[in-house]
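Asker: So that we are looking at the same thing, I have put the structure below in structure tokens.
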Amino acid sequence: MKQVKKFMLVFGLSLCMIMPVMADVHAEGTTPSDDTQNTTETTGDNGSTTQGENGNQTGNTEEPKTTPETPKEESKPAAKPVVKNGFINEGGKIYFYKNNKRRKYKGWKKINKKIYYFNKKHAVVTGQKKIKKSHFLFDSKGKLMTGWHNVGNKRYLFKTTGKLGVIGKRLKEDKSKNVQGYKSATKWLILVDRSAHKVYVYHGKKGSWKLKKSFLCGNGKASTPTVTGTFKMGTTKGRYFKARYFDSAPARCWWPTRITGGYLFHSVLYYPSSTPARVMDGRVGVGVSHGCVRLKLNNAKWIHDHITKKTTCVIYN
């Protein structure tokens, strides 16, 4: 019995010495099939799994995000400075610049063959303007206007000089004498504007004249101008008032009506014949005569047929 206990003790000691050796052999050998890469595995709350550092990723994993690079903008060349030239609108006022400098013009100035008027602050005048007792009209850019133009609801004539002609109802601020201030011994009134080379015929009476006719004329040239003043037509002693024609060598003038002295309304110049057939000089709208007022044939005849003696005729510049 003592021998059996002794054998068991020796066998147990031997077995304890053998087990560590087997454990070392097992660690150095082939890994078990259920431990494929010696990694630890954890299970997330949603059932997905993630492997350790040495293993492949499985389950609910995402690729790392990358931020796209912003393309670089090309550098733009610096803008060239603006150079001011010509008429510039600044704060509702128009000034004239040259090489970026505002010109300090005052009064009348001709620029690019156009006439302008600059005020004391060097801005161009626009609209209606009274300058030294005369009325002028300028457009929205300051250019001086001539000819017929509407001011308010009335139409007015501005001479070639730009001055307002004696025509129509006066402007509110115009204190000069106007057409309505003239009187005539007849129902007719005639005005002749030498600068505009026009004739205006009114019908009515003082204070209520209405324009009946207007036409271009060829009045006296600079060396032989048409006389100015206010006249009663046909009252020159010893001179006829009307005739069918008269000759002024080498031309013939049809339908003359005397204004005063040697000044008459008559047709443009024709070659002498029994009827006005061939024109010698048909110019109107310019200063061309020796002092008479030339008209187109039909206009000369209209005055001849309608205007009576003592009609007031005003000739002005």
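Keep in mind that glycine also has a Cβ here, set from the backbone N, Cα and C atoms.
Worth saying up front: this structure is predicted, and the values here are computed from it rather than measured.
Found this in TrEMBL, in case it helps:
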SIGNAL    1-23  signal peptide
REGION    28-83  region 'Disordered'
COMPBIAS  38-50  compositional bias 'Low complexity'
COMPBIAS  51-60  compositional bias 'Polar residues'
COMPBIAS  62-77  compositional bias 'Basic and acidic residues'
DOMAIN    188-316  domain 'L,D-TPase catalytic'
ACT_SITE  His266  active site, proton donor/acceptor
ACT_SITE  Cys292  active site, nucleophile
Asker: Count the other Cβ atoms sitting within 10 Å of the Cβ of the residue listed as 'active site, nucleophile', across every protein chain shown.
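Answerer: Total other Cβ atoms inside 10 Å, all chains included: 22.
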Asker: Taking helix as H, G and I and strand as E and B in DSSP, count the residues of the domain 'L,D-TPase catalytic' (188-316) in helix, strand and coil.
Answerer: 10 helix, 57 strand, 62 coil
Asker: Roughly how many Å separate the Cα of His266 (active site, proton donor/acceptor) from that of Cys292 (active site, nucleophile), to the nearest whole number?
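Answerer: Counting only the Cα atoms, the answer is 8 Å.
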Asker: Looking only at the domain 'L,D-TPase catalytic' (188-316), what is the model's average confidence as pLDDT?
Answerer: 96
Asker: Mind giving me a neighbour count for His266 (active site, proton donor/acceptor)? Other Cβ atoms within 10 Å of its Cβ, every protein chain shown.
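Answerer: Its Cβ shell of radius 10 Å holds 25 other Cβ atoms.
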